[in-house]
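Colleague: Here it is: the structure, laid out below.
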């Protein structure tokens, strides 16, 4: 029985690593140490052996029972167990930073979800308050219209009644007098009175009274409420999906290769956490084709509204690229993909014979990675939104570096992907942060002050400032233009995805003319559109092509003192100039020093044009002959 008891103890000992964790392990080990002397009543001694088959230490009395089992020295077994425990501990400890990062990320998503809920709740309250106000205004207008209409008709009918009452009264009184005269005896004294009555009765008999109604009683209300009730019943939709990046995938030839200048496409299938295909659209997807040096090729994402999406892009040069597909800012399966772009045999665009109206006077190269937005201040400074370096760099008009600011991150005051920059009349610097989905406001010294648009914006690309000091934000993803006060209060918004006059397809940048109208470059619709501050279309010009006044995806835009509109033509790698009515004037010859994918542009305080040459990682300044 003593052998059996020790065997049970040994087997219990071998179960310790899997059955006990934490402080309980130490307690059991202490119990084990206090248990060993209990062999003494059985006059047993523990041997320096360990049964590998039974995973237990052996006493001398147990050895015969384990004669055919593999055995090792107890010290070796203890060391091996300790090493195994240490290895398992290291494995778990290595996972802790990953779990911590995931925990932080999920908490951030939850916080963003909470913020989005609050923002949508505010939008719902605001929208219905506006509807209530509009209904109240319409109610007041209808009541006023009712009173005016009733008053006009009532006045006519009342005047007719008054006229008839006067006629009736005169007739009744005269008839009574005549009857009294006829009731008396005829005499000379009554002859004069009777003659007067006869004349008066003659007048009354021929009196022209309004004996037909001069108005009618129609006063109806036509209230077409069925359509309105249906619209109200369907007013507003809470849009979401259950798609997650880790399960979503992409397919298509455009994942691996494409031809220079030819559109390529990729199909993205969104899936939920269990791998099931999502059946609805509206997921927030982003796609980028970029080179190892950081330059980015834009494209268009088409939502098929059934859980699948198509990314269509065109690469203007050959080489090895990467294609990044993100769902809610996270890479989907396999992303980023390696992409090979081969050259076509098509001839390059010849611009050598066209009229030059600018002269290149300076360039600053090698300090940027995917520069996007450009702004110029009244005090002779050029500001560059350096997208992939997550900062804003500041230069003099002569191209001399002055300063930079910006720290990468997703917290207020940090920059994740700055794409647009503008200078407020107060001197504050306004930055559109595409990936953080908000606009940041910094002092002229680069000190963070506030953010606006959080929870409303989906992908702000360009920013500008109107003559009222309001902030104009071009939301590339939402295909919407937002107008905010500097305090962050939304004034209005307009635009949606599409190819209509008041719609956009990937709008990029905006400028404001002397009439305080907003000029927007509509990237995938290959046009420039001018709107009032209320969102009414004033002017539209441009079409897809390489001719004068045509665009292949316009980007940056600025307005000179004469109202001429200067546009960066991204796909054609040129800059065009139009008058205020949209008529083509001139453009730059870049054959000696070609642009590659120009983005933002601005007019400097000394009258030059500065453009972000994104593909060449520099900005260029041209003398502008106005």
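Counting starts with 1 at the first residue shown.
Every residue, even glycine, has its Cβ placed from backbone N, Cα and C.
Given the structure is predicted, the values throughout are model-derived calculations rather than measurements.
The following feature annotations were taken from TrEMBL:
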COILED    75-130  coiled coil
DOMAIN    39-74  domain 'B box-type'
REPEAT    240-341  repeat 'Filamin'
REPEAT    361-398  repeat 'NHL'
REPEAT    402-445  repeat 'NHL'
REPEAT    446-487  repeat 'NHL'
REPEAT    491-534  repeat 'NHL'
REPEAT    538-581  repeat 'NHL'
REPEAT    582-625  repeat 'NHL'
Colleague: Who are the long-range neighbours of the repeat 'NHL' (402-445) in its own chain, taking Cβ under 8 Å and residues 6 or more past its ends?
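Modeller: Apart from its flanks, the repeat 'NHL' (402-445) reaches 108, 329, 372-378, 381, 383-396, 451-454, 457-465, 469, 471, 473-474, 476, 484, 486, 509, 600.
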Colleague: Name the range, of those listed as 240-341, 446-487, 491-534, 538-581, 582-625, that has the largest tally of Cβ pairs under 8 Å with the repeat 'NHL' (361-398).
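Modeller: Looking only at 240-341, 446-487, 491-534, 538-581, 582-625, the most contacts with the repeat 'NHL' (361-398) come from 582-625.
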Colleague: Look over the recorded stretches 240-341, 446-487, 491-534 and say which has the most C-beta pairs under 8 A to the repeat 'NHL' (582-625).
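Modeller: By the under-8 Å Cβ criterion, the repeat 'NHL' (582-625) pairs most with 240-341.
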Colleague: Which residues of the chain, 6 or more past the ends of the repeat 'NHL' (538-581), have a CB below 8 A from one of its CBs?
Modeller: 298, 314, 316, 349, 351, 357-358, 373-374, 501, 508-514, 517, 519-524, 526-532, 587-588, 590, 594-603, 609, 611-612, 615, 622, 624, 626
Colleague: By DSSP, what is the split of the repeat 'NHL' (538-581) into helix, strand and coil residues?
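Modeller: Going through the repeat 'NHL' (538-581) residue by residue, I get 0 helix, 22 strand, 22 coil.
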